[in-house]
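For reference, the structure is listed below as structure tokens.
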Amino acid sequence: MPDTQTDLNALANNIKIWGKEFGFQHVGISDINLSDHEANLQKWLDNNYHGEMDYMERHGMKRARPDELLPGTLRVISVRMDYLPEDAQFASNLENKNAAYISRYALGRDYHKVLRKKLKQLGDKIKAEIGELGFRPFVDSAPILERPLAEKAGLGWVGKHSLLLDKSAGSWFFIGELLVDLPLPVDTAQENQCGSCVACIKICPTQAIVAPYVVDGRRCISYLTIELQGAIPVEFRKAIGNRIYGCDDCQLICPWNRFAETTQETDYQARDFLHNQPLTTLFAWSEETFLKNTEGSPIRRIGHQRWLRNIAIALGNAPASIEVITTLQDALNNSEDALVNEHIRWALDQQQQNLPINIDRLNKRLINAVKKGLPRDA
Ligand code: B12
Ligand code: SF4
Ligand code: SF4
């Protein structure tokens, strides 16, 4: 056990080196005091911004008190792991309304598994080095305020979209923590660099960022397509566009993401059959195919029913075409799932409302072409 400040400083330096060797891009250390955040966390819960995410209120203020989660905790080691895959195709994918857009964090292997394994390895390494250590890895699922902790540990600042971002790395990264019972030296927080920018607030398709730094989860496309179990409220369906799993818009518009690097982690590279694929192809997956293709992926969690629900909305938002209408009609004839069918009926309505407009446009184009090209016979 290191007992002098010099030993602890050397150990902290080593932890950062080992963390990078395990595949983290940034490792920082903070104390466990989040008392400044408790009132705002309570306000967020009182406003019901968590919607159906009951786990958010289940643990009360434990989320802001790491030593109540693991008694004896003195420090939190926060880690960053970049996930932006090669060849992200953001613009072409968002532009092609016949293709499905899946959040870039979800195109590869489930990050919970990847990060937790590496955090456990880091904990074991520290323990092996110093003999004794109480530690526990956390990634997301656990009730802890990860972003404020990572901010304190110098990994970045919490932006107005409420995500953590870094001057040179942008925000395409996950965070995880190791709670430890060692009085390690702490790092300093970065300064908030958002300034007067409000780009993320303005671009959000569902106006989910209700005030700087505050996201109403119930309006966020990520919540609507991933967390929400039942019907997606009609008011948000058009805004969802072709996003069938999560949303990246507030990060895409953020100027700091111009500096983000792509990930080196093979686990986060995109699976071809999920990336920028035709909606009709993904809609045709049976439950068996869905389970096979989403093995080890975070997408598996939503199950086949919500997968179809989400794609039905995207098909409703796709350019009107006979192919899409036939696909939807066939699915409706063959499905007995009330939730999915309600979304298919909505999609069919959208398609049918838009189809005459398309035909009208085509017709107008033909008439103009005839007038121009065949003036004698026009
Ligand atoms: C619940 C949750 C969600 C919910 C709610 C989002 C939210 N902003 O809270 C939903 C499903 C919508 C969601 C979406 C996404 N998520 Co999420 N999510 C979480 C989770 C599990 C908990 C977050 C939490 O505690 N929220 C509760 C609120 C109260 O926390 P908070 O926003 O920090 O709260 C502060 C502000 O509201 C503020 N506040 C409140 N009122 C007021 C008033 C004023 C005046 C001020 C100044 C401040 C203020 O104070 C609060 C306390 O500090 C974390 C993992 C974790 N355990 O932290 C991942 C996490 C935040 N998600 C993550 C990701 C990647 C996403 C998505 C990008 C996924 C996607 N592409 O679809 C989107 C982004 C949406 C967005 N802009 O936030 C990553 C973020 C990584 C990063 N770089 O920051 C995390 C950290 C997971 C991880 N381990 O990597 N997520
Ligand atoms: S993820 Fe999309 S819907 Fe959610 S806050 Fe960001 S821009 Fe808005
Ligand atoms: S878009 Fe602008 S306001 Fe939003 S997080 Fe990025 S810098 Fe901050």
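Each residue, glycine too, has its Cβ placed from N, Cα and C.
Heads up, TrEMBL stuff is auto-annotated, nobody curated it.
Here TrEMBL flags ARG63, ASP140, LEU164, ILE175, SER222, CYS247, ASP248 as cob(II)alamin binding site. Among the features that TrEMBL reports, active site, proton donor is placed at ASP140. The domain '4Fe-4S ferredoxin-type' annotation in TrEMBL covers 185-214. The [4Fe-4S] cluster 1 binding site annotation in TrEMBL covers CYS194, CYS197, CYS200, CYS254. Residues or ranges marked as [4Fe-4S] cluster 2 binding site in TrEMBL: CYS204, CYS220, CYS247, CYS250.
Listed binding-site residues: CYS194, CYS220, CYS254. The one with the lowest count of other Cβ atoms within 10 Å of its Cβ is CYS194. One way to see the shell of the [4Fe-4S] cluster 1 site is to take the Cβ centroid of CYS194, CYS197, CYS200, CYS254; the remaining same-chain residues with a Cβ within 8 Å of it are GLY159, LYS160, HIS161, VAL198, ALA199, ILE201, CYS250, ILE253, PRO255, TRP256. Using a 10 Å Cα-Cα cut-off from CYS250 ([4Fe-4S] cluster 2 binding site), the binding-site residues that qualify among ASP140, ILE175, CYS194, CYS197, CYS200, SER222 are CYS200. Long-range Cβ neighbours of SER222 (cob(II)alamin binding site) (same chain, at least 6 residues apart, Cβ-Cβ under 8 Å): SER103, GLY246, CYS247.
Between the alpha carbons (Cα) of ASP248 (cob(II)alamin binding site) and CYS197 ([4Fe-4S] cluster 1 binding site) lies a span of roughly 18 Å.
Within the set of binding-site residues ARG63, CYS194, CYS197, CYS200, CYS220, CYS254, CYS220 have a CB atom less than 6 Å from some atom of ligand 2. Taken in sequence order, the binding-site residues LEU164, CYS194, CYS197, CYS204, CYS250 that lie near ligand 1, meaning a CB under 6 Å from one of its atoms, are LEU164, CYS250. Calculated from their C-alpha atoms, the gap between ASP140 (cob(II)alamin binding site) and CYS194 ([4Fe-4S] cluster 1 binding site) amounts to 24 Å.
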